Amino acid sequence: MKIALIGMPAIGKTSIGRKLARHCDYPFIDLDQRLTQDLGCSIPEYFERMGEAAFRDAEARLLAQLAQQPGDCVLATGGGVVLRPENRAILTAHYHVIYLTAKPEALLRRVRNDQTRPLLKVADPLAKLQELYAQRHPLYEATADVQVAADCVAMRSVLKTIETDLCTLGVELKDIDQA
Ligand code: S3P
């Protein structure tokens, strides 16, 4: 099975995805990390040099490529992946999509002084998070098979909730404490 994690920036898609992949014994793919390799520079640098639209093009191309690859995986996406309808269509067609939910206020703590997220390098990050949330929450909801609250909850219990869902789908998991 292909599993994708979607949700707002800084909700923990990469760290939860990496652990989940170990528990499922699936390869882990981080879309942003792969993009950084492909683009040959960091995401903030790419935004600055080429602009957001060029980044979205590269993101959409890579997502389409990955969906065609055979085999199981856990994919951590970038927070803006749901913006393009073609990306949403790929995710729903090829992946079991898990939306890690969080309110902007809960994310604010995690993104303070964050230099790695170009969209949040602004004077008022809370206002920006609220704006992104208002735009994206309906898109995340429409794309997801399942929603898991990931703010104000320990990573361990987020993983447990995800794994309970995956068990009902027949995914075999290693013991949570051993992986
Ligand atoms: C983006 C989120 C980032 C990264 C890029 C754009 C966004 O990923 O893809 O900076 O539009 O929200 P994270 O969700 O891991 O921060």
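Every residue, even glycine, has its Cβ placed from backbone N, Cα and C.
Curation does not apply to TrEMBL; its annotations are automatic.
The substrate site recorded in TrEMBL comprises Asp32, Arg56, Arg136 together with one of Gly12, Gly79, namely Gly79. The candidate list Arg117, Arg156 contains one residue that TrEMBL assigns to the ATP site with Ala10, Ile11, Gly12, Lys13, Thr14, Ser15, namely Arg117. Asp32, Arg117 are the binding-site residues among Gly12, Ser15, Asp32, Arg117, Arg136 whose C-beta comes within less than 6 Å of an atom of ligand 1, given in sequence order. For the pair Gly79 (substrate binding site) and Thr14 (ATP binding site), the C-alpha distance works out to 11 angstrom. Spacing of Gly12 (ATP binding site) relative to Arg56 (substrate binding site) is 21 Å (Cα to Cα, whole number).
Counting other CB atoms no more than 10 Å from each candidate's CB, the binding-site residues Thr14, Ser15 peak at Thr14.
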